[in-house]
Amino acid sequence: MLMEQVEQKKKLISTMRNKPWRMVKKLSVLREAQAFVEKFEGALGKGKGKKFYAYKMMMAKKWVKFKRDFDNFKTQCIPWEMKIKEVESHFGSSVASYFIFLRWMYGMNLVLFGLIFGLVIIPEVLMGMPYGSMPRKTVPRAEQATAMDFSVLWDFEGYIKYSALFYGYYNNQRTIGWLKYRLPMAYFMVGISVFGYSLMVVIRSMARNANESTADGDDDNFIFSWKMFTSWDYLIGNPETADNKFASITTSFKESIVDEQESNKDENIHLRRFLRVLANVLIICCLCGSGYLIYFVVKRSQTFSKMQNVGWYERNEVEIVMSLLGMFCPPLFETIAALENYHPRIGLKWQLGRIFALFLGNLYTFLLALMDDVNEKLAEEDVVKNVTHWTLLGHHNSSTGNSSTATPPPLDPADVPRGPCWETTVGIEFVRLTVSDILVTYITILVGDFIRACFVRFVNYCWCWDLEAGFPSYAEFDISGNVLGLIFNQGMIWMGSFYAPGLVGINVLRLLTSMYFQCWAVMSSNVPHERVFKASKSNNFYMGLLLLILFLSLLPVAYTIMSLPPSFDCGPFSGKKRMYEVIQETIELDFPLFVAKIFSYVANPGLIIPAILLMVLAIYYLNAVAEAYQRANAELKKKMQMQREEEKNKRNNKASTNPMLQDLEDLLTPSTKSESHPKQAEDEKRESPNRTSPAGKGGKAAAPDGSPMTAGRRAAFTLPPHVFVTQPPALGVRAPYPGQPRPRGHPPGPVPGRGRGPPCYSRAAQ
């Protein structure tokens, strides 16, 4: 008996949420049930097993509590989870998607930094030759006087240029240290692994997002009812959490209202098409003007590079112009896009595509300028290489004199002529561009958001118009500009990390500070968008742009590895004709002979081309299969929707059919009933002694089974079994129509003309 009571109390506790009780009653019953279970659950054991059973039940409860606390701990360990939830509750899921994307980028860059720092930088610093031991690790004599000036260090020259931050610092020794660590091979493989790992992570994230988007059901039905009755979390006990939840529910209602308005919008299609064409023409003109401006500035920078005593602006003109274009063009695009009047989610994708085209043109114009500079430095290296060779030969001859057995004194590394080291120059340009982009982003947030918000808030009391509702008002968070800024900054990191290994560390610091700085700026200086919209279930649009910029970033690096000769006096690949020769050298010297033959066969174009064709065919087949599955899924959804609507219509028709039949019976013509009334009375007198059915007790006449006239009438007017039939009113008394009141003055009763009388069963019901 006690065990049954305990089980009932446990079942009551588990189903307490479903009880239609008031919250006060739920809490009181829940406390009583929990107290009863805690008191008597341990007493269910018998004899010696009583204490063991109580201990087992206690440990089971402890284990459940531990799992719940551990799940909460794992949630708390997710970086910036509460910050992102707070932003989402006030600004919607679209703004929160940017910070989720930023957190994902931070995690990926942290892994890349671990690879480069652990496999390249640390081995060179610990086991390589120290600073000052060779020319590539020493500041030249002519630059030592100003090597520590702030202006020089700000341009990443001086001691920073000859540090482990850049490519030229690393030695070309095949093995270093007592571990015989193969640094050139590690440098090359880590550079390739950066792209390989990034590609794998991006594609995996896209696949996971696609699975999550297809696994969710169709939630387009009863949206507002679900949000109204199921949004609140009754386990919230913190007032701040309750405020965030309230703001989140309000924002979700705004998102759903915008979606509903857009789905029911009726507009002039011809005017809308004209405005959209006009907006695209204006944006194309802006893109062409931006490309021409970048081309003009790049040509000016090539002229300034040949001049002496160039100012700070002339040295950094390309970076400044690119940063200013990235700052002012996105708001201009957004202003022009107001003509199109797209759904906010679709408008965001158009805005992202246009800014992507802008940044892509700027980036590749910058790369073309760098390639021209690299070609000039390669031509200069041939001259410097001869000068260095003759300088070392002259020092050797002057030191030895006529004696060929004497050892020449060592030449100071600071006095050795050295080449321009085009790899380090490219790395410096990428670092400058990254740092300038960071500064412009932070200054824009500080001035354009924070100072603007302070001005609007404190000067609004003494201004001529309402600053909050009019100009300048509070700023909205620029989703498209920030997302594209992250993506193109990551593209520069991918391209520049091969020439500047420390660039990934700079990007990790940038992402870390951006999370805190932008979260603070959003919560303190921005307001939600006027048209709050819901982010896509799948975040694959951001990932698709990131995958495209990853592919475009791989092309320049692959070109330099396969086509350009490395510098002769700096970097881990100096002394080789091409950078990829380090792989051939490692295979020939460190692997058996048959491995070299296998690699030579694999590298044969006769095998590579068929393999590529097979991969293309496999991709085409899998894509066709995926499209077929998507179409089948869409058809199944349509069938399920149609079946659900059909069942709903059946229920509605069934619910409305029974009252209609009843009303039709009430409205039957009285003459039809009165013609059969005398005959029914005689039949009733004849059969009344033998009738024992409930219909006979009700007093209603029924014709005998053998009567042809009553059989015909019964065939015409017989109702289905178990249906109540009421007696029609007598002649001269009109029954009320449905929805009309009864005639006054006649109380209901069995007397004809005084009401309907009690219902009785027809003979068909017997």
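Glycine is no exception: its Cβ is also placed from the backbone N, Cα and C atoms.
Look at TrEMBL and you will find 640-650 (among others) tagged as compositional bias 'Basic and acidic residues'.
According to TrEMBL, the compositional bias 'Basic and acidic residues' annotation covers 674-689 (among others).
Annotated compositional bias 'Pro residues' per TrEMBL: 738-751, in sequence order.
Per TrEMBL, domain 'TMC' is recorded for 421-536.
The annotation region 'Disordered' is assigned in TrEMBL to 640-766.
Among the features that TrEMBL reports, transmembrane segment is placed at 110-131 (among others). Residues 137-138, 162, 164, 169-171, 173, 176-179, 181, 183, 186-187, 190, 193-194, 197-198, 497, 501-502, 504-505, 508 of the same chain sit 6 or more residues outside the transmembrane segment (110-131) yet have a Cβ under 8 Å from a Cβ within it.
Away from its own ends, the transmembrane segment (185-203) comes close to residues 108, 111-112, 115-116, 119-120, 123, 170, 494, 497-498, 504, 543, 546-547, 550, 553-554, 557, 572-573, 579-580, 582-583, 586 of its chain (Cβ-Cβ under 8 Å, at least six residues beyond either end). Among the features that TrEMBL reports, transmembrane segment is placed at 185-203 (among others).
The transmembrane segment annotation in TrEMBL covers 277-298 (among others).
If you look up TrEMBL, you'll see 318-339 (among others) marked as transmembrane segment.
Away from its own ends, the transmembrane segment (351-371) comes close to residues 283, 286-287, 290-291, 294-295, 298, 301-302, 318, 322, 325-326, 329-330, 333-334, 337, 426, 429, 433, 480-481, 483-484, 487-488, 491-492, 495, 541, 545, 548-549, 552, 556 of its chain (Cβ-Cβ under 8 Å, at least six residues beyond either end). Residues or ranges marked as transmembrane segment in TrEMBL: 351-371 (among others).
Away from its own ends, the transmembrane segment (498-520) comes close to residues 80, 83, 87, 99, 102-103, 105-106, 109-110, 112-113, 116-117, 120-121, 163-167, 191, 194, 423-424, 426-428, 430-431, 434-435, 438, 441-442, 445, 482, 489-490, 557, 560 of its chain (Cβ-Cβ under 8 Å, at least six residues beyond either end). If you look up TrEMBL, you'll see 498-520 (among others) marked as transmembrane segment.
For 541-562 (among others), the entry in TrEMBL reads transmembrane segment. Proximity of distant same-chain residues to the transmembrane segment (541-562), defined by a Cβ-Cβ separation under 8 Å and at least 6 residues beyond the stretch ends, is recorded for 97, 101, 191, 195, 198-199, 202-203, 205-206, 209, 349, 352, 356, 360, 363-364, 367, 371, 374, 483-484, 487-488, 490-492, 494-495, 498, 578-580.
Distant neighbours of the transmembrane segment (598-622): 587; these residues of the same chain sit at least 6 beyond its ends, with a Cβ under 8 Å from one of its Cβ atoms. According to TrEMBL, the transmembrane segment annotation covers 598-622 (among others).
Tertiary neighbourhood of the transmembrane segment (277-298): same-chain residues 317-318, 321-322, 325, 329, 332-333, 336-337, 339-340, 354, 357-358, 361-362, 365-366, 368-369, selected by CB-CB distance under 8 Å and a gap of 6+ residues from either end. For the domain 'TMC' (421-536), the DSSP counts in helix, strand and coil order read 82 helix, 4 strand, 30 coil. The average pLDDT for the domain 'TMC' (421-536) in the predicted structure is 85. In terms of DSSP secondary structure, the compositional bias 'Basic and acidic residues' (640-650) contains 11 helix, 0 strand, 0 coil.
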